[in-house]
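Working notes, beginning with the structure itself.
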């Protein structure tokens, strides 16, 4: 198969592993810089140009689209979809997952467990907002934050009021979320491929820190998950419409709670922690889909 990887940096671990794993399985794999693509919206014959050439003949595309280029990245991916190329994750699903508020609303509507969460911009009653999610301690997040940036734990009601007022001064949209103390500063990253959890790792925050992101010094280790955690992760990915996803869960006293569904999960942490060939499992999924008469691209670039 001829496969494209949309990535701005071919030397990143995830990108290089996906290229290596694909070539090892006999595929022709091209890494394409997302922002350097330019598109022709010609009637009935959409095309993509790259380095002066028309990109054609691709069977599948693996999007590795960074959060900062979501708009342009999903536009390029949508163009590939319109050309009949099978996407590992569809553009509409990536856009859905990148919108934190929309993600939470969809998960809520489908009854997927998650922390009690409030959303606000300029609340006229901050005390009521805090009470609405169960009071302090609570977590306050900037809606646009990634990798633990713009996330604050307010231990007291007074601290929560101060943080919310500060964020209001930035004219920012904020999420106010119950703090799951029993999680002990740890979360679980479930790696979902094609309706199956193929690997899971525990991410433990450093002492004195509550954010467990590996980018913030969190430590990863292999973990055995429960059947309920497994089904919750699969359901969350399905709600987003993602074939491949990193679903972050917290263990609470009332079952697994979804924190986030990542449409472009990194491979380094999970492969290192579990020793599993996740890149190879992704290609197994693509190969299986390619043998279907009509690969399940639900939106055909219409999203």
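Even glycines carry a Cβ here, placed using N, Cα and C.
The annotation domain 'ATP-grasp' is assigned in Swiss-Prot to 104-287 on the grounds of sequence analysis. Summarising the annotation, Swiss-Prot assigns ATP binding site to 141, 178, 179, 187, 211, 212, 213. Marked as Mn(2+) 1 binding site by Swiss-Prot on the basis of sequence analysis: 248, 260. Annotation comment: Swiss-Prot describes 248, 260 as Mg(2+) 1 binding site. Feature annotation from Swiss-Prot assigns Mg(2+) 2 binding site to 260, 262; the stated evidence is sequence analysis. Among the features that Swiss-Prot reports, Mn(2+) 2 binding site is placed at 260, 262, with the record citing sequence analysis.
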Distance [Cα-Cα, Å, rounded] between residue 262 (Mg(2+) 2 binding site) and residue 248 (Mn(2+) 1 binding site): 8
For residue 248 (Mn(2+) 1 binding site), the one of 141, 178, 179, 187 that lies nearest, given that the binding-site residues are compared by Cα: 187
Nearest-integer angstrom distance between the alpha carbons (Cα) of residue 179 (ATP binding site) and residue 260 (Mn(2+) 1 binding site): 15
Cβ packing number for residue 187 (ATP binding site), 10 Å threshold: 24
Nonlocal neighbours by CB distance (under 8 Å) for residue 178 (ATP binding site), same chain, sequence gap 6 or more: 115, 116, 117, 133, 134, 138, 139
Those binding-site residues listed as 248, 260, and which of them has the most Cβ atoms within 10 Å of its own Cβ: 248
